[in-house]
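Listed in TrEMBL:
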- 1-29: signal peptide (SIGNAL)
- 43-61: transmembrane segment (TRANSMEM)
- 184-386: domain 'Glycosyltransferase 2-like' (DOMAIN)
- 361-385: transmembrane segment (TRANSMEM)
- 405-421: transmembrane segment (TRANSMEM)
- 442-466: transmembrane segment (TRANSMEM)
- 503-527: transmembrane segment (TRANSMEM)
Amino acid sequence: MPSYLRDGATRVSRVGAICFALLCATAAAATLAQAGLNTGFDIWDGFAVALIALTTAWLAWGAGQAFLGVPSFDPLPDLDLSNADFPPTAILVPICNENPTEVCARIMAMRQSMQAANVPVDFAILSDTFDPDALIAERAALAPLLGDEGAANPVYYRNRTDRYGRKAGNVEDFIRKSGGAYEYVVILDADSLMEGDTIRHLVARMEADPSLGLLQTLPKIFGAGSLFGRAMQFSASFHSPVFARGLARMQGRAGPFWGHNAIARVRALSQCCGLPELSGPAPFGGTILSHDYVEAALLVRGGWRVEMDPRIAGSFEEGPDNLLAFARRDRRWCQGNLQHMRLVGAPGLHGWSRFVFVQGIMAYLVSVAWGAFLIVSLLAAATNASPDYFPNAYQLFPVFPDDKTFQIVALAFGIGGLLLLPKLAIFGEAAATGRAKGFGGALRALGSVLSEILLTALIAPVMLMYQSRAVAEVFAGKDGGWPATARGEGRLTLAESWRASRWVSLFGIAVTVAVYLWVPNLIFWLLPVTLPMSIAPLLIAVTSHESTGQVFTTPQERAMPAVIAAYRDNLRSGAAPEGSSHDTIVQPA
């Protein structure tokens, strides 16, 4: 598609999504305002109207993104790139206190995939490991991969001692010291996997478009074993491609960078992406935690295209296996996104990049807004004066207050529709295009979709509490830092879940009792929120247990990609290359 048509389609998508969100927000606010007017509009009603407008706009924004993504893209371009023309490319694997056997198994699996596809790339393991025992184990596990610079797909390793800038600083250190040897870098996470054919396609795309600074793939989650993890894995494979298509249509050349499973042009990174530390103490100062969105914005400011293409297959990552692990990771994302409040006004940024910053900020503030809406609605109901059936001194017939049931039911159905219709539309797309076959067929896929909706409805109030606490902690000045990723942390006992979430449970019980005592007519409306909170420890424990049923089946389970199969084989065999005897540590070129 010509660039002027592509840019025009991007503008139309943006305007359409924004208008849809504003229309839904206006309808929700008007409906709630009418309900308030029926019984006497007071200050609490005013707050509730403002909050429902904000929260509905957020829901509608997500729904609009899904609707934009339902129409499929054209097939991927068939780009041929011979090895003779293959530019120098490095695959960067930043690690910090990771399980060295798993890291080695992943590197070996990707290396095998590169060799099978005849893709001439180097691997650079960029270690920030600081625990002395972990560092010794890491070097011992990785040593067999190192040292043979003449081999196909050589593997290099280095360990930093200063750890400045955390992951972003780790990659920047490589770009400054070794980037001149390469045209492109493929940036991964420690738990990422990528196939050789995928790498070849990424490099060919970069070669075909000299203005492309970064190309982001949509990684699929693999290896989940728990109910929580498998639900996330299913959603990432079934729903995310459609949401990502909508996102790509809206973002155009100012696309996202998610920090991993992407290819970048070294020259673009070196020109644009040196990140300073923010002035002042953490959490709003110090190291930029959500560095990836900032780097994408800086690339766009520098005139480079940043694109995301969900059609690219062969890109994988692992995910958390329980809600507590997810919440710990989300705490860092919350702090990083709220840091962007200081960067929205940075000079020279593209308007859409600023909008993306605001989006990321709202992703967490909206949880607080939902909580505030519930509290304000309860206060409004509790403080409403009892109806006066005879307001005049000499009145023969009583005056009955207007019923606001219709407005409340309409509002509930509208919000429910924004939550459910996008996922049902995605199911319709999957059934119509045949994509559902990879998930066990249309009937099994529908069962998985409905199960995921139910599980999400149960988990959402609990996550609302964790996100609200995270926002409160950040604004209170508490630095959450960058906690170590607990990979492989799966099943939790009820006691462990209780210790971590009893505050959520006690809050849910307290709200339920208060509503029952003061506004009992609202108890059934609030139970979908307060009941999951009250049983949060049980929910967290049960969903962390292994799930072996047919629900949440994904294509990568039914037909396991070769790189995942190789990774598992390497783990079973101890992740040591056959015939290896190297014991040296090799620094990158």
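Cβ atoms are placed via backbone N, Cα and C, with glycine included.
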Long-range neighbours of the transmembrane segment (43-61), counting only residues six or more past its ends (CB under 8 A): 17-18, 20-29, 32-33, 36, 359, 362, 366, 369-370, 372-373, 376-377, 379-380, 383, 411, 414-415, 418-419
Would you kindly list the residues that approach the transmembrane segment (361-385) from elsewhere in its chain, counting only those six or more residues past its ends and only Cβ-Cβ distances under 8 Å? 36, 39-40, 42, 44-45, 47-48, 51-52, 54-55, 58, 334, 337-338, 340-341, 344, 463-465, 467-468, 470-472, 514-515, 518-519, 521-522, 526, 529
Which residues, given as numbers and ranges, are at least 6 beyond the ends of the transmembrane segment (503-527) yet have a Cβ under 8 Å from it? 374, 378, 381-382, 408, 412, 461-462, 465-466, 533-537
